[in-house]
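This report refers to the structure that appears directly beneath it.
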Amino acid sequence: MGAAAVRWHLYLLLALGARGRLVGGSGLPGAVDVDECSEGTDDCHIDAICQNTPKSYKCLCKPGYKGEGRQCEDIDECENDYYNGGCVHDCINIPGNYRCTCFDGFMLAHDGHNCLDVDECQDNNGGCQQICVNAMGSYECQCHSGFFLSDNQHTCIHRSNEGMNCMNKDHGCAHICRETPKGGVACDCRPGFDLAQNQKDCTLTCNYGNGGCQHSCEDTDTGPMCGCHQKYALHADGRTCIEKDEAAIERSQFNATSVADVDKRVKRRLLMETCAVNNGGCDRTCKDTATGVRCSCPVGFTLQPDGKTCKDINECLMNNGGCDHFCRNTVGSFECGCQKGHKLLTDERTCQDIDECSFERTCDHICINSPGSFQCLCRRGYTLYGTTHCGDVDECSMNNGSCEQGCVNTKGSYECVCPPGRRLHWNQKDCVEMNGCLSRSKASAQAQLSCGKVGGVENCFLSCLGHSLFMPDSESSYILSCGVPGLQGKTLPKRNGTSSSTGPGCSDAPTTPIRQKARFKIRDAKCHLQPRSQERAKDTLRHPLLDNCHVTFVTLKCDSSKKRRRGRKSPSKEVSHITAEFEVEMKVDEASGTCEADCMRKRAEQSLQAAIKILRKSIGRNQFYVQVLGTEYEVAQRPAKALEGTGTCGIGQILQDGKCVPCAPGTYFSGDPGQCMPCVSGTYQDMEGQLSCTPCPSSEGLGLAGARNVSECGGQCSPGYFSADGFKPCQACPVGTYQPEPGRTGCFPCGGGLLTKHTGTASFQDCEAKVHCSPGHHYNTTTHRCIRCPVGTYQPEFGQNHCISCPGNTSTDFDGSTNVTHCKNQHCGGELGDYTGYIESPNYPGDYPANAECVWHIAPPPKRRILIVVPEIFLPIEDECGDVLVMRKSASPTSVTTYETCQTYERPIAFTSRSRKLWIQFKSNEANSGKGFQVPYVTYDEDYQQLIEDIVRDGRLYASENHQEILKDKKLIKALFDVLAHPQNYFKYTAQESKEMFPRSFIKLLRSKVSRFLRPYK
């Protein structure tokens, strides 16, 4: 218990004693004293103690505070007037108290004030690859003969004897020997040392391990000069500090002329029984009083019942030390730590979740943050690989995409195609015969264009009658379509390279749809699909724009952009463009002898062009609306208009638990109530956030409400069954065939003469193969053997007859892969800029591929140098340096090397390039793999070279875990690099922002470096 706590208890005793006397009846007879303190009617400060007195009360500031009681302010024990609180290194003031901390490389002593050296070599060899040597306040790594210490000061580089002058032991360098481009050697010093005038020796400075001093250090021309706190004296070794009483005894014993003189002094001290003798028996602090000695303990310790001994307080036992997550007790203090995925805030108590989704390049598609972690998801048609990346799924590699005939893979999807003379079935998988030349002319209209005048202004409408699709691209961009393009147009190419969508002997002209594309502009409006208010959506007598043809497909793509007006002070305007594509079909049944097919087509084309002219005027005046399921939507919003009925979410979304979520599959967004409504029976919806449901292929209206895909529509044949149209009545797949999907018109043969045990099977696994293949293999129905999946494919299941292609441009290291995680991107990652950039191993943060080789070149602009930060690197040491990252001046093995490693290091390191340009190479062998690396860099003005090197070479930058986390925090590194690359950007960050971003010790370290750089002479 500290002295401040003792004073606190004394104040409590005084207050209780005063109250007891009043209860005992002291005072004037009959007088009733009012206890303002207990009634709370006093006006004492919150940091004061209320002491009741006869007829009044007193306010006494609590220990650690000063003032007259009604106003109390904290005493800053760390000020010079209080001798830094008795702390030999750093003093941190806290309300009503203070706390001592030590420089990196030291730990707090039992007295809570002194600082003792930490032997870093005891913990994982100090991170040194070979030899670790402890020193006062620091440590240093050394290498065995034939090795050089790399610039990260931990790893050792081995070089051959050829052309290496530094291999000569007589090179004369005290610390580091470097090869120069012109030949010969140049000496350098370890961090915290200055190169002497002879350019060979190294002079220790206070930047390295506090200059070897236990307390204070001051740089002089001859090296560090050590000093001690006022209660201590410098030991004869010139570095260590001892208490003055102890030092006085040592000096007096040294100067004693006789044993008798010493005996007299000892006897006198024993008789006096004061703190001068054996510190009064106190473990820590001793104070002489009228009744004898009184022992006390520093902050972080408590006095034991013997009144002499001090015991460390385990702060972690009381409310976990105030730490959010982990609490680690230390001698006289404690430290807080956080779980993985969290960071410690600058109050050194609170843990905050790291929002990885706020970082750049975290996920390719969708990022979902969660406490302590995050998850990457991919959009439909893509699959996850390498932890965060999304690659297109090649559905055609999985049993031909279940297509009956041809399969064409596309980005995020795929299409089944049919041979000439056949068309796609409604299930988009099977091919059926075309019903003559007029099959397309019988297609019903999917949309309708109409206009009507309101108040002299013509309003035009696009009414979606059938299938609609809404795809929001951003806050100011979306795509809306009605109908299905080219419903019967997907065909397989002929042998001569052409394709056909009609039956034999039919002309293409009557059945080919008319397609027209147009671009419209809306001034001073932003793309925002919004339900139109009921007051504005009045009944209007409308007339169709196209009465001689069917509109089978319309798509509207709306995107907005800012366009600056003329004049410097003119604000920019919002300009929106709508790109529309129309697909119409003639009403061939209206053909006559006076106007046959060609004539009808020409009239339809003229009608479509005339309709586009009318639409251009309507859209330009923002009088164009889209109608879906009875709800009218405005396609764009003018800034002056208030967004009515939007709530806080966009179209297709509703508010749930404070978040905007899209309407789920099986539902659609109804703009009138602004809610998600279930699909009615006979319709389905397999996508999120849509404005309508798609009619089921069956016209009978079967199926349950809320169908989430076409397979949930009623009346379809179940898996293992088929029919001519895919609807009931159905028959079972014959023996030797199977069908895994509903609503199909046929079954797939097992192949190779294989049979099934019974009819109605739904999987190839039901085929009686002669061998049951394990994952990583597929069954060959020709040879009846299990074949390993080739490189670039995988198979996670048993008994399959195919392998799945790796997503995107990824591949596998070997054949026989069993999981998509084995698929790796072979591309060497990174972005190389003049001021900032990064390099990363292929497939990062997933494991890099085997036999990879990457080369990067960093060439900064003139008069700029390169600073590199390696937050962490994962290279398996089991490979015996088969995977290597090297940075040097050029591709020549003899050029100046800046960094080289073949090991895993989770401790970050920062260093400057030894050459103006960098050639970087990463190579991996065929053995073990690892996560690899993502290494950022920044180029800075060479005038700051001395300052930057002084910072990155100071061991204090890496000793603290808080400092290490800074070099791993992508947001903080980005902020630091922003200022280093462009110093004027420093003024973007306020002092408060800096305090909230960085720990106090880190700011103090940088401030001292910058001050020394700007004012080198005192």
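Even glycines carry a Cβ here, placed using N, Cα and C.
Residues or ranges marked as domain 'EGF-like 1' in Swiss-Prot: 33-73. Helix, strand and coil counts under DSSP for the domain 'EGF-like 1' (33-73) come to 4 helix, 17 strand, 20 coil.
Sequence annotations record features per position, and here Swiss-Prot assigns disulfide bond to C78-C91 (among others). Sequence-distant neighbours of C91 (disulfide bond) (same chain, 6+ apart, CB under 8 A from its CB) are E77, C78, N84, G85, Y98, R99, C100, T101.
Taken from Swiss-Prot, the feature disulfide bond applies to C87-C100 (among others), supported by similarity to another entry. For C87 (disulfide bond), applying a Cβ distance below 8 Å and a minimum sequence separation of six or more within one chain yields C78, Y98, C100, T101, H113, H229.
Feature annotation from Swiss-Prot assigns disulfide bond to C102-C115 (among others). Residues within less than 8 Å, Cβ to Cβ, of C102 (disulfide bond) and separated from it by at least 6 positions along the same chain comprise V88, H89, D90, L108, C115.
There are 20 other Cβ atoms within 10 Å of the Cβ belonging to C132 (disulfide bond). Per Swiss-Prot, the feature disulfide bond maps to C121-C132 (among others); the stated evidence is similarity to another entry.
Counted within 10 Å of its Cβ, the other Cβ atoms near C128 (disulfide bond) come to 21, all protein chains included. Sequence annotations record features per position, and here Swiss-Prot assigns disulfide bond to C128-C141 (among others).
The domain 'EGF-like 4' annotation in Swiss-Prot covers 166-202.
Each residue in the domain 'EGF-like 5' (206-241) gets a DSSP state, and the totals come to 4 helix, 14 strand, 18 coil. The domain 'EGF-like 5' annotation in Swiss-Prot covers 206-241.
The annotation N-linked glycosylation site is assigned in Swiss-Prot to N255 (among others).
C323 (disulfide bond) has a Cβ environment of 21 other Cβ atoms inside 10 Å. The disulfide bond annotation in Swiss-Prot covers C323-C336 (among others) and is backed by similarity to another entry.
Counting every protein chain shown, the number of other Cβ atoms lying within 10 Å of the Cβ of C351 (disulfide bond) is 19. Feature annotation from Swiss-Prot assigns disulfide bond to C338-C351 (among others); the stated evidence is similarity to another entry.
The disulfide bond feature in Swiss-Prot is assigned to C357-C367 (among others). Long-range C-beta contacts of C367 (disulfide bond), restricted to its own chain and to partners at least six residues apart, with a cutoff below 8 Å, comprise E356, C357, F374, Q375, C376, L377. Secondary structure at C367 (disulfide bond), taken from DSSP and collapsed to helix, strand or coil, is strand.
Secondary structure from DSSP puts C376 (disulfide bond) in a beta strand. If you draw a 10 Å sphere around the CB of C376 (disulfide bond), it holds 19 other CB atoms from the protein chains shown. Swiss-Prot lists C363-C376 (among others) with the feature disulfide bond, giving similarity to another entry as the kind of evidence.
Cβ neighbour count for C390 (disulfide bond) (all protein chains, 10 Å cutoff from its Cβ): 22. Taken from Swiss-Prot, the feature disulfide bond applies to C378-C390 (among others).
Marked as disulfide bond by Swiss-Prot on the basis of similarity to another entry: C396-C407 (among others). A helical conformation is recorded for C396 (disulfide bond) in the three-state DSSP classification.
The N-linked glycosylation site annotation in Swiss-Prot covers N400 (among others).
Residue counts for the domain 'CUB' (828-940) by DSSP state, with H, G and I taken as helix and E and B as strand, are 3 helix, 54 strand, 56 coil. Nearest in space to N780 (N-linked glycosylation site), taking C-alpha to C-alpha distance over the recorded positions C390, N400, C407, is N400.
Across the domain 'EGF-like 5' (206-241), the model assigns an average pLDDT of 84. Between the candidate glycosylation sites, N400, N809, the densest Cβ environment within 10 Å is the one around N400. Each residue contributes its Cα atom, and for C854 (disulfide bond) and C336 (disulfide bond) those atoms are 40 Å apart. In sequence order, C128, C132, V133, N134, Y139 make up the list of same-chain residues 6 or more apart from C121 (disulfide bond) whose Cβ falls under 8 Å from its Cβ. In this structure, C121 (disulfide bond) is part of a helix by DSSP. Ranked by CA distance from N709 (N-linked glycosylation site), the disulfide-bonded residues C336, C351, C363, C828 have C363 at the top as the closest. Between C390 (disulfide bond) and N400 (N-linked glycosylation site), the C-alpha separation comes to 22 Å. On its own chain, C338 (disulfide bond) has D324, H325, F326, L344, C351 as residues at least 6 apart in sequence with a Cβ closer than 8 Å to its own Cβ. Spacing of N809 (N-linked glycosylation site) relative to C378 (disulfide bond) is 16 Å (Cα to Cα, whole number).
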